[in-house]
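S.K.: Here it is, the structure in full.
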Amino acid sequence: MDDFLAARSQMALSLGFHIIYSCIGMVMPVFMAIAHYQYIKTGNVVYKNITQAWSKGVAIFFATGAVSGTMLSFELGLLWPKFMLHAGPIFGMPFSLEGVAFFIEAIALGFFLYGWNKFNKWFHWFTGVLVGVSGILSGILVVSANSWMNSPAGFNYVNGKYTNIDPMKAMFNGAWFSEALHMTIAAFAATGFAVAGIHALMIYHKQNISFHTRAFKIAIVFGAVAAILQPLSGDLSAKHAAKNQPAKLAAMEAYFETQEYAPLVIGGIPDTATKKVNYGIEIPGLLSFLVHDDFKTAVKGLDQIPVNEQPPVAITHYAFQIMVGLGMIMLAIGILYLICIWKKNNWLFKPWFLKLFIFATPLGFIALEAGWTVTEVGRQPWIIQDIMRTSEAVTPMPGIQYSFYLFTFIYFTLSVAVIVLLQRQIKMVPVVYDVK
Amino acid sequence: MLTVIILFLCLAILLYFLLGGADFGAGIIELFTSEANRQRTRSTSYQAIGPVWEANHMWLVIAVVILFVGFPNIYSVMCTYLHIPILAMLMGIIARGTAFTFRHYDAIKGYRTQTLYNSIFIYSSFLTPLFLGIIAGSALSRRIDTEATNFADAYIFCWLNGFSIAVGLFTVALCGFLAAIYLIGEADNDFDIKRFFKKAKMLNIVAFFCGGLVFLAAETSNIRMAKWIFGNPVSLIAVILASLSLVLLWVSINRGKRYIIRVFAAFQVSMILLSVGYTHYPYFITEKNGNHLSLLTDHASASTVNVLGWALVVGSLFILPALGYLFYSFRGHTDHD
């Protein structure tokens, strides 16, 4: 493995793991605060139990999210020192604010986790809300830094020099809104479905029904609503990509040839040699309509992009298809759940209904990883779109593959540990929270 | 605004050393506690640092962000040439933070898993400040060689040398000492208070010897340590004040004062950092060829510095009172579920 590939793999691995930890760490506190509010309002101890049970998950994910995030802030420099040398001062603004938001989150979490029976109940509740709010804020800020890489702004690039730096303009770059919106909704959808799925499994096994149904209902409302909203934000993102990163959009769609009435290709196996997609379903004009609101307008294809500036088509295309496909399944399940509430149908205890949610447990996170792959792989070969190539940014230090192996080992171990810990927490629910 | 971000950088480094250092030190003390008393130490340190450790850790993140936004050249040189010790420090941070959380949040407290978490926690608590010290020592002591042509000179010997390691050991000893002082005030029974007093004394002596080791290593590798510390009035006064506070600290320890000693200990460590920091200021890295990377010249453009400065000022208006209230609320005995 050469150093460049090793550095890219290590970055992908680190972000791939961090994204899961941090999404859960930012969404779970919101669920927790809602359960907590229900407890304060109704005095029903089941809600207190749910709050405390979830808070343990939050503590575990916050700790892993915080340390993996710290690793990332160093890895940016360890792996891409030349990128950080130029980019740091330009896109650093959201990172500084994220540092502040994350700090507040850490303080609030200290109050919340250790503050039971110590503070005024509303103050204690508020600290939990603050964990959620600052978590979401830091998520949005970090994504804004990433969106700058896709849509660089706030500086002039003349003769290899970065001048006229305006950190605020860089932060509010063209892609920040659509990307942050898409990512935040994705975090809610993925975490909502994952949490709901685990509680559905417990209801299915007829354990602590009252505890798990209440928990399930809080989580799935967020999951369902987010899954239903997500295609709209996805449309915004795609339109932005079409305008600013045509190569990425073309790779997502495996769209080789510029044409009018551009078709939307669903599925299929892209063949870069023949520049064709085999076995895909083509819907004529739909791609034109989606990006230009008009069936006729041509969409820029890969044929108009120099070969050395094209992202890997197959990976981007498959990842995009996986994301959209899973998103659609989650959308359908979300709608089904809303119908269930609306009809006041008591499907919730029907095995088929529960099985559906158990099946959906990991879907959001797979979609999340796939979507992130689209964003990052679709930007290649650029680390800063059209300005700096990823290969120019890599550290001169050799032997990065060993660091990659080490990180793989660490993240793998950490994930196993987190899964085991959660499993043990769930297993202990009857022991800790059953009313005796 | 440049002055503001430099002040915040110094504040972040100092607070990370004092607060984060005390966290690491809790693990170091556990490492040097007899098997019979380890559980007692563990539960006191959990009570003391459980609610605050996540926040303490954030000072490092703030320092790093200030570096890469405000002083990209310094950050980039450190990350390139000190890649390996930074990596080692990160391993320590990740292992330590997760082991600390896992050992508390494992719903089934099995003997074997707890033993595993404990050993990860205590060894990484030792290794992390060791490498932090190594990084600091390497940055200041003309070790980084940006003109090196082979791997070992460029990436290994800049940090793997007597002086850097001595600074690392000194850092470990200081962290252990800070933790012992902090835990004295957090322990809830006489037996533990006495134990931590003893540890504090011992670690203070160890720190003193490690400090001597740093001088010795400096002497053998042609680093003019004495000139650093006695060569200018500010550093000299800082060292004198540190020595005075050492005397007051010992008097207070012997009189069994539990809280005032924190002030003396924190003051002492701050003065040590000041004496070394002042003599190098504004240089952050001195390279082997004599080049300096300076906080006053190697900073980002004025627009970036301005915005970063405001972010820090406004952010600290939220952070500092909240953090103060957090420490105030959980001082002394902590109830946790």
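Every residue, even glycine, has its Cβ placed from backbone N, Cα and C.
TrEMBL entries are annotated by machine, without manual review.
Annotated transmembrane segment per TrEMBL: B:6-32, B:53-75, B:81-99, B:120-140, B:160-184, B:205-223, B:229-251, B:263-285, B:305-328, in sequence order.
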S.K.: Report the listed stretch (B:53-75, B:81-99, B:120-140, B:160-184, B:229-251) having the maximum count of Cβ pairs within less than 8 Å of the transmembrane segment (B:205-223).
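M.R.: Ranked by Cβ pairs under 8 Å, first place goes to B:160-184.
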S.K.: Hey, which of B:6-32, B:81-99, B:120-140, B:160-184, B:263-285 has the most Cβ-Cβ pairs under 8 Å against the transmembrane segment (B:53-75)?
M.R.: B:6-32
S.K.: Can you see whether the transmembrane segment (B:120-140) and the transmembrane segment (B:305-328) are touching - at least 3 CB pairs under 8 angstroms, only pairs 6 or more apart in sequence?
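M.R.: The answer is no, given that the two segments have fewer than 3 Cβ pairs within the 8 Å cut-off.
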S.K.: Would you kindly list the residues that approach the transmembrane segment (B:305-328) from elsewhere in its chain, counting only those six or more residues past its ends and only Cβ-Cβ distances under 8 Å?
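M.R.: Same-chain contacts beyond the flanks: 1-2, 4-5, 8, 51-52, 55, 66, 69-70, 299.
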S.K.: So which residues does the transmembrane segment (B:263-285) touch in its own chain, when a touch means Cβ under 8 Å and the partner is 6 or more beyond its ends?
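M.R.: Contacts of the transmembrane segment (B:263-285) (Cβ under 8 Å, skipping residues fewer than 6 from its ends): 6, 10, 13-14, 17-18, 21, 71, 74, 77-78, 139-140, 144, 174, 177-178, 181, 200, 227-229, 231-232, 234-236, 238-239, 241-242, 245-246, 248-249, 252, 292-298.
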